[in-house]
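Have a look at the structure below before the remarks.
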Amino acid sequence: MGKIVPIKTQRAEADKLAAAISEIDGVEAEVAERVSGTNPRPVVLGNSSPESWRTLAEKLHSEHGVDYCSMVTGVHWPEGDEDKKWEIVYHLMRTGIRNPPIEDGLVQPVIVDPSTVRGSGTPLELELHVYLPETRTPSVDSVQDIWVGADWNEKETWDLVGIDFDGHQGMRRVLQPHETPKGFHPLQKQHHLRYHDFQDMYDDSQGFMRKPADAGKIK
Amino acid sequence: MAEMWISMGPQHPMTHGLWTLKVKVDGETVVDTEPDLGYIHRGVEKICEARDFTQITTYCDRLCYASANTWSHSYIYAAEDLLEVEVPERAEYIRLMAIEIQRIASHLMWLGAYGPDIGNLSVMVWCLREREMMMDLLQELGGSRMHYNFPRVGGVKRDLPHGFAQRARAKLKLFLNRIQEYEALFDESTVFLVRSQGVGYAKPEEMVNHGVTGPNLRAGGVNYDIRWAHPYSVYSELDWEPPVERSSIKGADCYDRYRVRVEEMRVSASLALQALDKMPGGADTHHEPGDPMILAKAPARAPEGTTGAHHFEDSRGESMFYIAGGGESRGKQPYRVSIRSPIFITIPFAAKCMIGYKVADIPAIMGSFDPCIGETDR
């Protein structure tokens with residue numbers, strides 16, 4: 001039988017981590033359950049105020065062994081509550097990976113037996129939300145220097161959603177052209193998808209003269 | 001000697017797609033690099049916001065042209081988490097088999113493309129020969145050659161066709177024998193060994209911090225795999241171990257990354273064969289599309305304020321979807337779909353790995369990380 005991490009171990013570790021980070025000011029965390037297909041899995045689900053996010057990130061990395069930043073997502077909520085107009089979701093993970101030891105000049109691969117993982121070696125999944133109030137220049141502290149994996153994630157979030165990251169070195173457009181107008185971030189909700197008439201494709205193959213078929217109909 | 005910047009790409013054999021690597025060279029030595037992406041940015045995340053949950057599957061197929069099936073499954077698992085659907089067990093086995101066959105096809109495409117990168121052209125034809133068998137199998141399931149649109153929210157589109165199990169077993173067993181041929185072609189080729197060994201070192205802890213996962217990470221001597229760390233599907237029911245490579249003291253080099261992928265094809269073939277054997281109801285039975293054995297009923301609307309997320313072991317590392325559902329009067333469509341592409345995160349790391357090596361090593365190092373630009377640019 002294939003070995004997987006027992007859900008009990010993961011659940012217990014998640015409870016511990018959630019309790020530990022809840023003690024930081026401005027942070028609330030609990031353990032939620034997500035279901036993938038038929039398997040339930042525990043996730044540490046937390047909220048952090050923008051001021052305490054940097055402290056939380058440092059503590060997670062140095063004290064709780066959260067060593068991997070999976071994804072940074074920005075969401076624009078123009079119709080949301082007054083203090084929740086922008087949301088940043090961090091998906092972090094604890095992998096428990098260490099460099100394999102070297103014995104007699106040979107690397108000894110680390111073969112973790114998933115059914116016997118304990119303590120800080122248990123893989124964990126975290127989902128942390130940071131909400132920002134109504135503002136035209138949303139920004140939150142960068143964690144680029146803690147997890148280098150967050151570097152391009154933050155660049156992408158600024159490029160597409162327009163949320164800036166304080167202290168981020170070398171911010172630039174990554175997916176859109178470099179000459180994209182300043183302040184244009186397509187995943188903000190004031191930009192709507194527009195559709196073109198198929199005939200336009202033949203009259204004007206490059207699309208320079210094209211007007212959206214729904215021009216004037218949308219705000 | 002004076003330093004200067006060179007643009008490699010957007011059209012360059014090294015890129016395996018369409019992007020630019022800006023390289024600062026001092027003579028023959030690389031001293032700095034900067035990747036420049038976005039040439040095929042299609043705005044999939046924005047398009048998804050105006051589509052139903054079922055319509056998005058087709059867009060996710062098109063995220064990666066070498067590994068379409070794993071990407072649509074990655075989305076489907078997140079959507080099922082959002083819509084709270086319980087998947088029938090038979091559908092999980094069919095999915096697992098489809099994912100693993102796609103993983104083989106993807107690794108074969110990589111191996112076939114990596115050979116010409118470093119001076120071994122004949123291997124490409126050999127790899128595409130076996131990839132054709134895998135694509136035939138997937139075509140029987142999904143109905144088209146590259147973009148299968150196979151999974152559904154709550155199950156799969158169709159059950160295994162009549163006679164599929166027999167053909168799949170024969171092809172996978174034949175494939176397991178033929179892997180030896182690639183190993184002979186690569187491992188006995190002095191050109192390949194000279195160009196892939198001792199370049200592009202990467203250590204596991206550094207890779208995790210940079211967000212690099214999947215085969216690239218396992219080449220460094222750790223067996224971390226999302227399939228056991230955050231289990232999904234029915235991997236717990238099958239007998240398997242993620243392949244791990246004994247790297248050199250300085251870390252995993254290009255040769256280790258090649259070895260780990262070849263081993264992974266063996267594991268994937270064995271997983272697909274086991275799934276065929278253990279399938280509830282047997283692999284020879286056939287249910288009509290929509291049968292509750294293969295497709296559970298799924299709601300079309302997501303309640304306000306719900307989210308779904310899923311980490312998935314893609315052929316290239318950890319792929320991930322995060323979906324925020326609902327929103328004002330638009331419950332049928334997601335409010336925000338966010339996609340984590342493993343290669344989007346890996347390319348900056350691979351570009352750092354090249355610093356200190358010669359210009360001629362760039363294709364060898366870049367190719368060994370298995371870049372796929374469709375998913376990178378989204």
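Just so you know, glycine gets a Cβ as well, placed from its N, Cα and C.
According to TrEMBL, the protein carries these features:
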type: BINDING; residues: B:E45, B:I339; note: Mg(2+) binding site
type: BINDING; residues: B:C64, B:C372; note: Ni(2+) binding site
type: DOMAIN; residues: B:117-378; note: domain 'NADH-quinone oxidoreductase subunit D'
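Listed binding-site residues: B:E45, B:C64, B:C372. Those with a CB under 8 Å from a CB in chain A, in sequence order: B:E45. When Cβ atoms from all protein chains are considered, those within 10 Å of B:C64 (Ni(2+) binding site) total 27, not counting its own. If you take the C-beta of B:C372 (Ni(2+) binding site) and look for same-chain residues 6 or more apart in sequence within under 8 angstroms, you find B:H16, B:G17, B:C64, B:Y65, B:A66, B:S67, B:R316, B:I343.
Counting only same-chain residues six or more apart in sequence, the Cβ atoms lying under 8 angstroms from the Cβ of B:E45 (Mg(2+) binding site) belong to B:R336, B:V337, B:S338, B:I339, B:R378. Cβ neighbours within 10 Å of B:I339 (Mg(2+) binding site), excluding its own Cβ and spanning all shown chains: 25.
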